[in-house]
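Residues or ranges marked as region 'Globular domain' by Swiss-Prot: 9-221. If you look up Swiss-Prot, you'll see 16-38 marked as region 'Disordered'. The annotation SUMO2 cross-link is assigned in Swiss-Prot to Lys20, Lys21, Lys99, Lys117, Lys125, Lys144, Lys158, Lys189, Lys214, Lys276. Under the heading zinc finger, Swiss-Prot lists 222-244, 250-272, 278-300, 306-328, 334-356, 362-384, 390-412, 418-440, 446-468, 474-496, 502-524, citing sequence analysis as support.
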Amino acid sequence: MTAELREAMALAPWGPVKVKKEEEEEENFPGQASSQQVHSENIKVWAPVQGLQTGLDGSEEEEKGQNISWDMAVVLKATQEAPAASTLGSYSLPGTLAKSEILETHGTMNFLGAETKNLQLLVPKTEICEEAEKPLIISERIQKADPQGPELGEACEKGNMLKRQRIKREKKDFRQVIVNDCHLPESFKEEENQKCKKSGGKYSLNSGAVKNPKTQLGQKPFTCSVCGKGFSQSANLVVHQRIHTGEKPFECHECGKAFIQSANLVVHQRIHTGQKPYVCSKCGKAFTQSSNLTVHQKIHSLEKTFKCNECEKAFSYSSQLARHQKVHITEKCYECNECGKTFTRSSNLIVHQRIHTGEKPFACNDCGKAFTQSANLIVHQRSHTGEKPYECKECGKAFSCFSHLIVHQRIHTAEKPYDCSECGKAFSQLSCLIVHQRIHSGDLPYVCNECGKAFTCSSYLLIHQRIHNGEKPYTCNECGKAFRQRSSLTVHQRTHTGEKPYECEKCGAAFISNSHLMRHHRTHLVE
């Protein structure tokens, strides 16, 4: 090796290298049991490791019998005979990638004698003068030896200095190996798989990113210590545990409301921004969530996905199916002695009989109000505590009862699952349908004791009775005027705000109430 070559190798910048190799005859080395063809293509070298021993198969160094130790590596591209499944020890086969501690340490292929394609070995690299055309190898042994001779020592010291500067600048460890399209014997694969299991998934023969074998099998290795629920990813477990700890790290800057997940915050912020990215292609109605759009689109498609198992009748909504299935429940062995109404469960009969007896065993400690069921008491107590655990994701409105939330959400989805069999009019609540059907039947069960006027709904009777008793519970904060109905107060407040939501389509005149708009329409009819 000439002094110019040594200096070029020592001062060479770090970068990918290609070393040309001439065709050579097969050679035998001590410790070689057998040989087979090794096909290695596109071997790339990229990351820092310590003290790789390499050798030059040149005549000058071969005569001296020297082994040169460098903290560098090369790119090999060779096709030749190599020992099969045998350790080379300290011997070096020119042009062949031998088993090394680099491969062993980083969990990649260290088996010789296999046909390998696209092997990317990420170790440090330097440039070699291609004029020499001398094949370099990575030896089995990784050693640090004092360089022999002053010239070689100076060259190695410069190479080490460049390497240390590179490591300090990058501050990264790129030691990883990717093996693609690797054809290995089954015995070797089994050995490597055992290593993978022992390492807990950190060691993997697979190409690309490291994968945990437990998650590949559909298992859920991350378990909540509170409730025992399992997750396939640790990140999902962290989010889940916030349910138990009450942690809500994602806070809205507009209103201060906090959420467990960032996705919930994004949906919530659309209330303030007014953004509705999910638009119905049929009618143009927009929604803040894709789930609400899906429910809405059933109105247009009339898709009936909920089928009855008894008669195969299909419905668009689960609530419609649940109501229909009551038709098939014929066995009602628990009958009320007072009114003859039957029930499928004795507990339902006991609760029903309290209507006749007037028994209300569940009383509120704050106000003394009593209820026939404990569930009703729990909901009532929230009126004292102010607790509203059920929140609408669309607009953020909260409710003390889950059933109230379900009814409210139909405002956003436009769902009206209760249809009148007489006229086909649909309603979002069953109670509204029952009241409506009394128009057809003429049933007016709620009668005023003062004047004898009857009504289809108890709330209508309550409002009417305020005429007799003079009660006006709804007061305007601006002027102090009081009203018998909340709707009357809402209309009145528009006189202060100037809001006029009802607009005439013909002339553009706007009004504070629908009744005023209807009165205005009559002027156009006269014309």
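Please read every residue number as a count from 1 along the shown chain.
A Cβ is built for glycine as well, from the same backbone N, Cα and C atoms used for every other residue.
Counted as Cβ pairs under 8 Å, contacts with the zinc finger (446-468) are highest for 474-496 among 390-412, 474-496, 502-524.
Classification of Lys276 (SUMO2 cross-link) by DSSP places it in coil, neither helical nor stranded. Below 8 angstroms of C-beta separation, residues 323, 407, 410-411, 456-457 of the same chain, each at least six residues beyond the ends of the zinc finger (418-440), sit close to that stretch. Of all the Cβ atoms in the protein chains shown, 15 others lie within 10 Å of the Cβ of Lys276 (SUMO2 cross-link). Same-chain residues lying 6 or more positions outside the zinc finger (250-272) and placing a CB less than 8 Å from one of its CB atoms are 239, 242-243, 288-289, 393-396. The zinc finger (390-412) makes no contact with the zinc finger (474-496), as judged by fewer than three Cβ pairs under 8 Å among residues 6 or more apart in sequence.
Counting C-beta pairs under 8 angstroms (sequence separation of 6 or more), the zinc finger (474-496) reaches the zinc finger (502-524) with 3 or more such pairs. Each of 222-244, 306-328, 362-384 was scored by its Cβ pairs under 8 Å to the zinc finger (334-356), and the highest score goes to 362-384. Residues 298, 415, 417, 430 of the same chain, all 6+ positions outside the zinc finger (306-328), place their C-beta atoms under 8 angstroms from a C-beta of that stretch. Taking DSSP states H, G and I as helix and E and B as strand, the zinc finger (474-496) has 11 helix, 4 strand, 8 coil.
Taken together, the residues of the zinc finger (278-300) have an average pLDDT of 79.
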